[in-house]
Amino acid sequence: MEETYKEKHPAQIPDTVSVSDGENGMDLQVHDSSLDYKGKVPLRSSTGSWKASFFIIAIEFSERLSYFGMAANMITYMTKVMHQDLETAANSVNVWSGVTTVTPLLGGFLADAYTGRYIMILFSAVLYVLASSSSGLGLLTMTQYIPSLKPCGSTLNKCNRATKVHEVVFFMAAYLVSLATGGYKPCLESFGADQFDDNHSEERKQKVSFFNWWNVSLCCGLFLGTTLIVYLQDDIGWGAAFLTLTIIMLVSVLVFVLGRPRYRYRTPQGSPLTPMVRVLVAALAKRRLALPLDPTFLHEVPKSEEKVQARFLAHTNQLRFFDKAAIIEYEDGATPEKKQSPWRLATVTQVEELKLVLKMVPIWLASLIFGVGVAQTSTFFVKQASAMNRRVFNRFEIPAASIYTLTAIGMMTSVALYDSLLLPYLRRATGNERGINILKRIGIGMVFLIIAMALSAMVERQRLRAFHKGNVMSAFWLAPQFLIIGIGDGFSLVGMQEYFYDQVPDSMRSLGMAFYLSVLGVGSFLSSFLITIVDYVTGKNGGKKWIGKDVNHSRLDYFYWLLAIISTLNMCAFVLITKNYSYKKVQSMAGVGDFPSNRDDKGHESLA
């Protein structure tokens with residue numbers, strides 16, 4: 001391997017450094033598939049790790065500030081400015097949220113296959129802030145300052161419905177932000193994780209902390225978005241808020257570009273889906289062949305013939321049908337496997353990559369209910385707060401959307417305590433560099449979701465009783481449900497980020513982050529679909545609908561109990577799915593996802 005690398009890069013690796021000498025010999029340069037901004041092998045001392053990721057975390061903060069500055073108060077905008085009823089407004093927000101978190105599937109694919117992560121991030125960030133017809137935030141600002149685009153042509157208080165022109169421009173702007181986010185979100189976090197070398201034990205541990213502190217930055221953006229920006233929207237004006245977000249995003253793009261010399265870049269390798277299709281075709285073509293008893297007889301490219309950066313995956317015994325794609329065929333005993341078509345013969349690594357994606361499908365499906373629960377925080381939870389007493393010291397009234405800040409506080413607290421206090425102890429106790437297994441972390445978050453939904457139902461029932469007696473409950477009764485969901489986010493969402501980054505093939509990590517985001521997006525769509533179904537069923541035969549024209553004429557407590565029951569059933573299914581889950585096994589090194597001391601004798605990690 002060292003000779004192959006020296007032949008390709010004779011001037012970039014000194015004779016005194018051996019790639020195979022272990023981590024001490026790898027301290028000068030980074031020998032994975034990354035390059036520096038000049039296209040050379042990166043120096044460990046001047047690129048990557050925290051010195052690069054801080055620039056990336058900074059732009060994540062501003063993007064989340066912009067997103068939550070819009071998303072947290074959009075339900076209020078839909079009802080007060082656009083004059084939509086509660087059901088229509090909730091569906092409008094859910095659909096927008098769903099599109100915003102599903103478009104990353106396209107952006108992630110393009111980044112992995114063609115553009116690379118850095119270019120896609122830069123393009124999408126610029127799209128966020130450009131003026132006129134090519135910018136979402138620019139258009140949103142224009143809807144508040146150009147008289148012909150304002151909701152009523154002058155002020156927000158002189159009409160009972162928004163003008164058609166305003167509706168068209170507003171939704172055009174909102175969905176342009178969705179398009180920009182589609183290229184931005186799947187690449188930014190994976191680009192940040194790319195700054196840490198899996199071959200280096202110290203950087204491998206830092207990557208675990210990176211996902212935790214990434215979410216702290218996200219929560220800081222959420223916190224300011226739902227306090228400062230929402231305050232500007234409610235008390236100063238929507239135009240001032242949108243203009244502020246545009247300026248902050250512009251500054252963050254400049255900061256991101258300044259970090260360019262410190263980044264490590266991954267070169268796109270073409271469509272990551274093509275090798276998987278080839279495996280499927282080859283397996284079907286050889287479906288009648290018998291598998292060898294010894295998997296070492298299956299085809300794999302010799303490491304001496306592969307790039308030094310390549311990571312080989314070990315064979316697993318699950319989904320063995322696809323192993324047939326790696327069966328070596330000999331015609332008359334004289335056909336070398338290296339001359340066979342890639343549509344007829346695949347490597348073990350390619351087969352295992354397809355298995356990783358197929359095994360990910362049930363995990364993704366079982367995670368969707370968590371996305372449905374998260375969708376309630378920015379819709380019905382906020383509308384509950386708007387109908388409650390939000391005054392502090394009888395003077396200052398907290399904006400309804402600012403209650404959403406408690407979710408960020410819960411998430412920041414759980415992530416910070418986990419990373420600073422629990423993680424070092426759990427590493428010593430379990431021998432797992434992550435502290436606890438990825439899927440177990442996701443499962444813990446699901447338990448918190450069930451608790452939050454049940455508590456939300458009880459609080460809403462008490463709120464309705466108080467309303468019918470002519471009383472108004474304090475909005476601080478909502479604090480526990482926001483905090484508990486935030487704590488659950490600190491487990492499940494961080495766990496999903498790690499899972500969908502680490503357990504996908506190396507060539508599709510941007511797409512992997514898009515899978516994670518699609519959990520929230522499809523969850524929003526499912527929430528909207530569930531609202532429609534519940535509204536239809538409960539209103540049948542003249543019955544009282546659970547979702548009325550406002551929260552005081554609805555039965556959201558019943559709706560929350562329904563979500564609690566669905567979440568409990570989903571949790572049981574998740575445990576069964578993960579019980580014998582086999583994690584990604586890398587042959588060339590003991591990667592983050594491969595901790596033998598935490599596995600049973602079959603190489604399994606489980607939630608049980």
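Placed from the backbone N, Cα and C atoms, the Cβ positions cover glycine too.
Just so you know, TrEMBL annotations never went through curation; they're auto-generated.
The compositional bias 'Basic and acidic residues' feature in TrEMBL is assigned to 1-10.
If you look up TrEMBL, you'll see 1-23 marked as region 'Disordered'.
For 118-140 (among others), the entry in TrEMBL reads transmembrane segment.
What TrEMBL lists as transmembrane segment is 213-232 (among others).
What TrEMBL records for 238-259 (among others) is transmembrane segment.
Annotation source TrEMBL lists transmembrane segment at 363-382 (among others).
Summarising the annotation, TrEMBL assigns transmembrane segment to 402-426 (among others).
Residues or ranges marked as transmembrane segment by TrEMBL: 438-459 (among others).
Using a Cβ-Cβ cut-off under 8 Å and counting only residues 6 or more beyond its ends in the same chain, the transmembrane segment (479-501) has close neighbours at 189-190, 193, 208, 211-212, 214-215, 219, 360, 363, 367, 370, 373-374, 377, 381, 403-404, 406-415, 418, 434, 438-439, 441-442, 444-449, 451-452, 455-456, 459, 509, 512-513, 515-516, 519. The transmembrane segment annotation in TrEMBL covers 479-501 (among others).
Summarising the annotation, TrEMBL assigns transmembrane segment to 513-538 (among others).
Here TrEMBL flags 558-577 (among others) as transmembrane segment.
With a threshold of 8 Å between CB atoms, the same-chain residues lying at least 6 positions outside the transmembrane segment (402-426) that come near it are 68, 72, 208-209, 212-213, 215-216, 218-220, 222-223, 226-227, 230-231, 377-378, 381-382, 385, 390, 432, 435-436, 475, 478-479, 482-487, 489-491, 493-494.
Among the recorded stretches 363-382, 438-459, 558-577, the one sharing the largest number of Cβ pairs closer than 8 Å with the transmembrane segment (513-538) is 363-382. Beyond its flanks by at least six residues, the transmembrane segment (363-382) meets 71-76, 90, 93-94, 97, 400-401, 403-404, 407, 439, 442, 445-446, 449, 452-453, 456, 478, 481-482, 485, 488-489, 492-493, 496, 499, 515, 518-524, 526-527, 530, 551, 556, 559-560, 563, 566-567, 570, 573-574, 577-578, 581 of its own chain at Cβ-Cβ distances under 8 Å.
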